[in-house]
Amino acid sequence: MSSPETTLELYDDGAESPSELMSGEMTVTSAPRNTTDPSSPDFNTLDEPIRDTIMRDVKAVGVKFYHVLIPREKNTLLRDWDLWGPLVLCTFMATILHGSSDEMHDGGPEFAQVFVIVWIGAMIVTLNSKLLGGKISFFQSICVLGYCLTPCALALIVCRIILFSTQTAFLFFLRFVVSSVGFGWATYASIIFLGDSQPPNRKALAMYPIFLFYFIISWLVVSHSNV
C-alpha cells in the first residue's frame, strides 16, 4: 500500500531564494552628537578628547563656586550636583587647619576632625532635612552644603594671612569679623539653595542644623592660631 508523497514546501513558487531573502543593507543614520551641553539628551563624551572632558568638569565646578559667592540662581547646584568641589574645599581647609607649631603634636587629629565635621555633619544635616519632608535628594543636599563652605575657606585664607603678623587684640577682632562674615555668607547661601525644598511650616527646624554646621566650622577657623 503506497501512501501519497508528502512534501514540505518552504518557499512558494516564484519566491526569492534564501540568500536573496536574507540579503539587504543595514544603515544607521548618524546625526552630529552634542558634546558641549551636558543637559542635552544626545550628549556624548566617547568621541571627545580627555582634555575637553576634564576642562568641562573643571568649568562646571567653577560655575558652582561662582553661584555660591553670588547666590542668585538656585537650580545650578541642585540640577548638576557633584562632590568634587566639597572634596577640594574639605581637603584644603583640613590641610591648613592641621598645622601646629608644637612638636609634640603632628596635627593629625585636626585634619581628621575637619573631615568628620564636614562629611558626617553634612550627612546629619541632610538626614534631618529628609526626615522633615525635604524634597531634595541626599547627594544634592551634601553637594550644596559642601560648596557653601567656600566663604568659610576664603575666611580661613584671610585669617591665615593675618596670623603672619604679631597678634594683638585688634588682629584677633579682625579675624573674628572675617570668620563671622564667612559664617553668615555660607549660611545665607545654603538657605537660598535649600530653603525652598523644605515644607513652609518646618523651615526653621531644617535651617537650625545648617546654622550650627557652619558655626562649628567658622569656630575652627577663628580659633586656629598656628602658622
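Here the Cβ of each residue, glycine as well, is placed from N, Cα and C on the backbone.
What TrEMBL lists as region 'Disordered' is 1-47.
Per TrEMBL, the feature compositional bias 'Polar residues' maps to 26-43.
For 71-220, the entry in TrEMBL reads domain 'Yip1'.
Look at TrEMBL and you will find 144-163 (among others) tagged as transmembrane segment.
What TrEMBL records for 169-193 (among others) is transmembrane segment.
The transmembrane segment annotation in TrEMBL covers 205-222 (among others). Non-local neighbours of the transmembrane segment (205-222) in the same chain are 93, 97, 113-114, 117-118, 121-122, 124-125, 128-129, 132, 134, 145, 148-149, 152, 155-156, 159, 175-176, 179-180, 182-183, 186-187, 190-191, 194-195, 198; each lies 6+ residues outside the stretch with a CB under 8 Å from one of its CB atoms.
Helix first, then strand, then coil: DSSP counts for the domain 'Yip1' (71-220) stand at 115 helix, 0 strand, 35 coil.
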